[in-house]
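What follows is a set of notes on a single structure, which appears directly below.
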Amino acid sequence: MAVGQMVTRAVHTSRGLMGQRCSKLVDSVIRVDHAGELGANQIYRGQMAVLGHTKAGKTIQHMWEQEKAHKEEFERLINKYRVRPTALLPFWNVAGFALGAGTALLGEKAAMACTVAVESVIVEHYNDQLRKLMDDPSFTDRELLDTIQRFRDEEQEHHDTGIEHGAEQAPFYRALTDVIKFGCRTAIKIAEKV
């Protein structure tokens, strides 16, 4: 056997051990969800930096712990499916922290308004992904569907927690949440591709 053939066989064998390449849909789903969970982690990190010592700190910490688990799971899925992370991860780190800390500096209710805005977009986004995956006849990974459903439910819980903690009483609630929602939707579109 020629050296080139041995190298080709070794590469194919090692790829087989690492997992198969996934469809473009799954590739996009995992890339954008990983980016979103990283951004969410940074938002809660920023909120904790400002409000960690307040009565809202315990609530924010609970939501952050769930987001940490989400991020870890999508990091595992990136490796399992061999998905390239978004090239904008450094930007998401900075932007997420700035959004979290910035809204927290406006007060607890503004931080909760940020949570409500972000999580409403994420729940909608996860629902769209679930529909697309279930409509794809070639998609068979029940584990990924279950993961997205579970995370969607936890994000809905975060949204509801924000409402319960006075998000709608934040100064300029409508304008604040509209701007944040627009930013989230734009980030999703970019992360799906870049």
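Placed from the backbone N, Cα and C atoms, the Cβ positions cover glycine too.
Look at TrEMBL and you will find GLU37, GLU67, HIS70, GLU155 tagged as Fe cation 1 binding site. What TrEMBL records for GLU67, GLU119, GLU155, HIS158 is Fe cation 2 binding site.
Taking the features listed in TrEMBL, we show where each one sits on the structure.
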residue: GLU37; record: Fe cation 1 binding site; Cβ neighbours (10 Å): 24
residue: GLU67; record: Fe cation 1 binding site; Cβ neighbours (10 Å): 23
residue: HIS70; record: Fe cation 1 binding site; Cβ neighbours (10 Å): 23
residue: GLU119; record: Fe cation 2 binding site; Cβ neighbours (10 Å): 24
residue: GLU155; record: Fe cation 1 binding site; Cβ neighbours (10 Å): 27
residue: HIS158; record: Fe cation 2 binding site; Cβ neighbours (10 Å): 25
*Residues close to Fe cation 1 site centre defined by GLU37, GLU67, HIS70, GLU155, Cβ within 8 Å*: GLY36, ALA40, ASN41, GLN66, ALA69, LYS71, ILE122, PHE151, GLU154
*What are the other residues, in sequence order, whose C-beta lies within 8 angstroms of the center of the C-beta atoms of GLU67, GLU119, GLU155, HIS158 at the Fe cation 2 site?*
ALA40, MET63, GLN66, THR115, VAL118, ILE122, GLU154, GLN156, GLU157, HIS159
*List which of the binding-site residues GLU37, GLU67, HIS70, GLU155 have their Cα within 10 Å of the Cα of GLU119 (Fe cation 2 binding site), in sequence order.*
GLU155
*C-alpha of HIS158 (Fe cation 2 binding site) to C-alpha of HIS70 (Fe cation 1 binding site): distance in Å?*
13
